[in-house]
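Going by TrEMBL, these are the annotated features:
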- 15-107: domain 'CARD' (DOMAIN)
- 132-173: coiled coil (COILED)
- 284-367: coiled coil (COILED)
- 567-657: domain 'PDZ' (DOMAIN)
- 860-992: domain 'Guanylate kinase-like' (DOMAIN)
Amino acid sequence: MAELCRTDSSLTSLDEEVLWEMMEDHRCRIVRSIFPSRLTPYLRQAKVLDQLDEEEVLHSPRFNNTAMRVGYLLDLLKTRGKNGAIAFLESLKFHNPDVYTLVTGLQPSVDFTNFSGLMETSKLTECLAGAIGSLQEELSQEKGQKEALLRQCQQLQERLDQAEARAEGLRQLEADHSRMKREVSAHFHEVLKLKDEMLSLSLHYSNALQEKELATTRCRSLQEELYLMKQELQREKMSSSCEREFRERSLKMASDLEPGDEELSRLKEENERLRSLTFSLVEKDILEQNLDEALESRQELVDRIHSLRERAVAAERQRKQYWEEKEQTLLQFQKTKVDCEIYKEKMNALQSQVVELQKERDQAYSARDGAQMEISQNLTEKDALRRKVFELMDQVCELRQQVQRLRVQADSSPGVSAQEVGAREPCPKGKQRLVRMFALCPRDDSNGSSSESQLWSDLSATSSRELVDSFRSSSPAPPSQQSLCKRATEDFWEDPCSSSGCPEILEVDQGGSLVAKKSNADLDFEIVDRADLPESENSLQPSSGDLYLSASCFPVRRRPARKILSQVTVLAFQGDALLEQISVIGGNLTGIFIHRVTLGSAADEMALRSGTQIVMVDYEATEPSSKAVLEGMTLERAVGLLQRVNGFCCLSVKVNMEGYKKLVQDLEAKVATSGDSFYIRVNLALEGRAEGELQVRCNDILHVTDTLFQGSSCWHAHRVGPYSTKGTKHGTIPNYTRAQQLLIALLQDMAHQSTVTRKQSSGGAQKLVRIVSMDRTKASPLWSSFEGSQSDPSRVEGEVDPSTVCFWTESCFTLVPYTLVHPHRPSRPRPVLFVPRVVGKILIEKLCLFQGFKKCPAEYLSQEEYDTSSQRGDIIQEREASGGLYCVTRRAVESLMGKNTHALLDIQLDSVCVLHRMEIFPIIIHVSINEKVAKKFKKALQRLGTTEDQLLEAARQEEAELDKVPCLYSSLAPESWSDLDALLGCVRLAITDEQRKVVWTE
């Protein structure tokens, strides 16, 4: 295009179509870059646009943006022909030269000889003057903006000055704030006293509120008794009036039924008159016949009177009974009304108390937030003070080093080696690494070496007024053993806030040499690595073998450390025959506590006292696993582990005096015999022949409360009733190891068919053994973990799920005599599962006709729906179908349970575990099947297309799987029902009974 149009004069020689084709090729750039308001004045002067065209282009509501206006302008100019194109290009030469160059390929030049002649020279000058005026207006606007920016800068400078003045005021306020903080700290103790007084007042107030509530309750009970007495008095009055009225009515009725004296006399006269008359034989016969008929009618009337009297008496008795029932109903109604009013008052009182408690809770939350804010401020202040202490310690160190140098210069004794002098040079300045150091105990005898005495002589001179062996000494010399014992005893027992703030390891050398027997609770040290010190400062090596410093560290005093309750402290010492040094009590529920400590033993030297809870023990043993967690472990298991400790060991302990005191009180009050508490399901029958032994049947639930009962190898347990978790009859049972041995012996007797004859129950032979096989890869708290060939060396012994209990004993058997179980109390109706399934299908059809029972349908799921439900774990059982799957889902079961309906399930027994994982606990009804019983289902089996032999085979297979079910089930004996209707009645009673029972799951 540029080669075709080299000069401006050549544009006028081009055709109209060529010009517009050039502009159409660059139409997109033109509509995006041009402002039509700048071009329209020139186009009007060129007479290609009029005033109406200009107003339509610039102000038409059809065009929403500049691009649309420019597009319409081009379309309008195109109708003007070649003049419109040339005028548009010349306007681009003035206002958009870059677009002009892009379209034409020519450089714009303002040469009046090159214009097309579309307008006169005077008009062109006028147009140019207008353009220059618009540019001057833009320049004046930019100058105004510049002046506004200058004024804004001045305002910002003034604000900066004001901010500096405000910062100066804030610094003054900060100084006042620090002064006020010092004043607040001075009144801190007074505030504590006021808080204590407020706490005591709140306790008194709460006690008064409780007494008021008790009095109110007593008053309400007395009012209720008074109302009941009034009701009883009114009822007695009404009953007496009814009896009186009944007597009057009976007397009146008797008087009405008896004939009067006048009628009797009349009848006698008529009888005498008739006797006096003489009749013929025919008349006599007629009269005799009439007499017989009269007698018969009289007898009938008498009988009818007697029957009416009996009916009247019965009616009166029934009326009296109805009257009494009416009175009782009224009395119950009045009593219920009173109870309702009382309950309303109680609910109102409870709601008001709840509102008050919520207010108190909000106040407690606000107080807690305030306390946390105060604690954070105190910690910030402590950090600042700690930095100041470090600076002061550096200054003290420099001053002591100056004193040492002066003494070295004054004293030219040859006994002081250059190596010791180098060791006394000052430590490097700067922030030191905070590391806890083991406490060092100096030698107790007076035969210390001269180098040791020279080492500490200059340091002890500055603290001559303080005792070197005191735990409160400011000397850098470590405290003595007596001081450490004293401090540990005071902080560990007297101060409730003085437990260890972080786990500390206290080590004792096995060979007898002294290596840190105690940890000082108030005197801690920082360790400065010798790698950071100059070479001349690393020469501090005392010649004494009893007192030594680490080759890579140097002790420096730091802030006192405070112990915090309930945090674990690790104690390392020589634990030879550990159970001879300490005795323990407790169990899996309360934890294992130290009860007594032998005086003079290593445990006594480590300041172990009664009430210390042992959390973990790490001991030297030949087995790969020598570390055990005692939390959640039974007393028998813990004693067995501690008996194995015979050498160097590490005990992780913490202070739990509250739990220990509660346990001791329960033991002294004989509320409990130990700290053990868990429930088991017995898998074999125990006869309990000896005195005190508990007779146990297979599948009984026992509550074990002591695994080391009277120090023997037996457990103390209570038999748990079916409807609660409380124990009834109690006694001893064999521990886990003995129970395994008894189980093996019982299996051997059964194998040799020499089992002792036992009583037969109504349901058939008594079940003696429940055989349970478990996967050894799944951890069970009842199994022993001491088999070295199968144990993982890296695994910490005793680390199990908190919901389980570790009470197994040392054993190598794989049989499970006891199974750990947990109680559940479902509030909604539980689903029902029948064994065998063939009988279940028959019973489900019958039970669906009763209210409260409904069959759980299998839903048809597509593959996508099945994948989604399977990922959520909502599939209970599935079976394949064309194009998808039919599944029994969790949603279907829970929907029926939400409608207060028992869901009747037609699923296999292995789906029970799936339901338990969903927190759904089904009722399992087992119907015992034999050949006689199978005949009773003959017609129902024909409808299902099943034979009696198939029913018997399915029953044998599913009965064998019942022992694998992790819960109890209800069994219906064949003798308890005679036909299908009686079986339905027994099943409904069994379901009702199972719904009331506690559910025990493994």
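Cβ coordinates are placed from backbone N, Cα and C, and glycine is handled just like the others.
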For the coiled coil (132-173), mean pLDDT (0 to 100):
88
Composition by DSSP (helix, strand, coil) of residues within the domain 'CARD' (15-107):
71 helix, 0 strand, 22 coil
Would you list the DSSP helix, strand and coil counts for the residues of the domain 'PDZ' (567-657)?
18 helix, 41 strand, 32 coil
By DSSP, how many residues in the domain 'Guanylate kinase-like' (860-992) are helix, how many strand, and how many coil?
74 helix, 28 strand, 31 coil
